[in-house]
Every structure is written in C-alpha cells, then in structure tokens.
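Some notes on the structure that comes next.
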Amino acid sequence: MNLSAAHHQISLSDGNNIPLIGLGTYSDPRPVPGKTYVAVKTAIDEGYRHIDGAYVYHNEHEVGEAIREKIAEGKVKREEIFYCGKLWNTEHVPSMVLPALERTLKALKLDYIDLYIIELPMAFKPGKEIYPRDENGRIIYDKTNLCATWEALEACKDAGLVKSLGVSNFNRRQLELILNKPGLKYKPVTNQVECHPYFTQTKLLKFCQQHDIVIVAHSPLGTCRNPSWVNVSSPPLLNDELLTSLGKKYNKTQAQIVLRFNIQRGIVVIPKSFTPERIKENFQIFDFSLTEEEMKDIDALNKNVRYVELLMWSDHPEYPFHDEY
C-alpha cells in the first residue's frame, strides 16, 4: 500500500473510496460551542478529507459549516470530502430512517453524505428522546429488525442522499443477517468497531475482509477514562512500553505508532480530537512505516479487552458483545 498525506484512500466494495484517516467529532461531555467548527477547519487545512460525525454528537451543524467554508475558500471540493453520519437507536423503524438522514443533511447543509451507518444494532423505543427511560430510569428497548432498517437505508441510497452504506458495532452474526438477507440490494461496505493494539479484532477483521467490508476503528487510541462508560480495568494504551520505544526509534508519539499500525492493516482510523496540535500530530503518519516484525510485536500486545463495553445495555436482545466476535 503506497500511502501519502495527499493520497491515502482505499477502495470500498461499492466502487467508492474512503480516506484511511478521519477526524472523529464525538465528545464526552459535549464540546463547547464553536470547538467542533474550529477542529474540522484545522483538520481540513492539515490534509484530512474524512470527517466522522453523528446526529447524537449534537454538532453536525458546526461540521457542515466548517466543510462549507473550506469549499467556499477553494481549499477543497465537495467530492474530496468524505462525511460519515450515523442512524441512532431510536430511529430504526423503517419509516424514520429517511427523515433521520434528511435531518443530518439539513444540519450539515449538504446535498448528500458519503457514508451512512447504523450506529448500534440495538433499537430503543422510537421517538424524539435519545435515551428513552422508564420510571426506574432504565432505557426502554424496542424490537430490532435489522433487515428492515437496512432496506430503509438502501432506499436512502437509491434516492441519492448517500453514496455508501455501512454499520457499526455489529458482530459476525449481525453482519450475516444483512449479508444473507433475501433481496439484498447493497452490501454494507464498512463496520465501525473499537480496534487498537490492546483489542486487535483479528477474527472480525478476517471475516470482514472475506466479505469486502472495511473496518473503521473508533477509539483507535483507546478512550477517555470515564468509569461510567469505559472499562478502566484495561491499562491506558498509550502508556505501553513497546509503543514508547517504537516512538523513540521513529521520532513519533505513541499515538502515531498506534494509528500507523492500524492503517498498515488496511483499517481506517478516526481519532477524535479538538486540540489543533493533536489533530495535526495524528495526521503525521504517512512519512514512516513499521517493519513486519514490529507489526507482529504490536499485534502481540492484544489483551482482547474492550474499553467501550456498553454494559448498561448488555441485556438488550441484540447486544453485540456477548458473542466471541
């Protein structure tokens, strides 16, 4: 794979391309107003052409404003930018899918997006509330029919509102549900999952490669250490001694080593940052490469432990992480 800062796209099975690095725009807690706008502009100036967002991040309007401004400046053309949006759990009902995508397009003020994915395979009670709860504070689940939801996504593609379709946090069984669906029109081209040296996803990666599905790694640098939703029993990834020593060898940060590891495996990375220096640093991964031996050594760091377990929803019938992969 001959990658450079200017050319770092890989092909999707539907004929479209996806840049191997994108800017993640999720923040917990929510970013201060204006912060996402600045981050996206910084990223585009630096050479990023892929922005990963979602309705539930509450900042798609800022992402759109930044993209449109950079297009108006002549820095980029719309077709050079790759935006991924996500369908949230409360909108899996087929009749709600198109309006959900249209709301994203309205927030972005764009005519189409490049990739629309089902954010999680777990449906919640349909409606306006993002986290619908019962009187005991528990999330109200809904019966999931992933195939019906997928058909509604296919209709969005037919309407020209999105170029590619994918999923996120799906296990093998859930991917097979879609892949084996009678009358399947468009295959999922991506599966966005947690993936990094402590959680290498080798089996899921192999399965996805067999079906021409690209893995997009969320939390590619590990995550924040918020114990309310993060498994903090696994040590912070970026403190690892091997990554530190490789960083010294290549004059790179541990984060750059980790990101390089995944892109050399053909995995797309979407590190999130709202700090201009970090946004720039994360992109500087095209001027070195790891040896085969180093790749094996990093791969051997795998602990098979997730940071993002979503245990609060582990009793959902479609909770994806009970299965081995």
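Every residue gets a Cβ built from N, Cα and C, even glycine.
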Hey, Swiss-Prot has substrate bound by Y26, Y57, W88, E119, W229. Any idea which of Y48, Y131, Y250 it lists too?
Y131
Candidate annotated in Swiss-Prot as phosphoserine, out of S13, S228, S245, S289:
S228
How long is the line from the C-alpha of Q192 (NADP(+) binding site) to the C-alpha of E119 (substrate binding site), rounded to the nearest angstrom?
8
According to DSSP, does E277 (NADP(+) binding site) fall in a helix, a strand, or coil?
helix
Three-class DSSP secondary structure - Y57 (substrate binding site)
helix
Substrate binding residues Y26, Y57, W88, E119, Y131, W229: largest Cα-Cα distance, in Å and rounded to whole number:
18
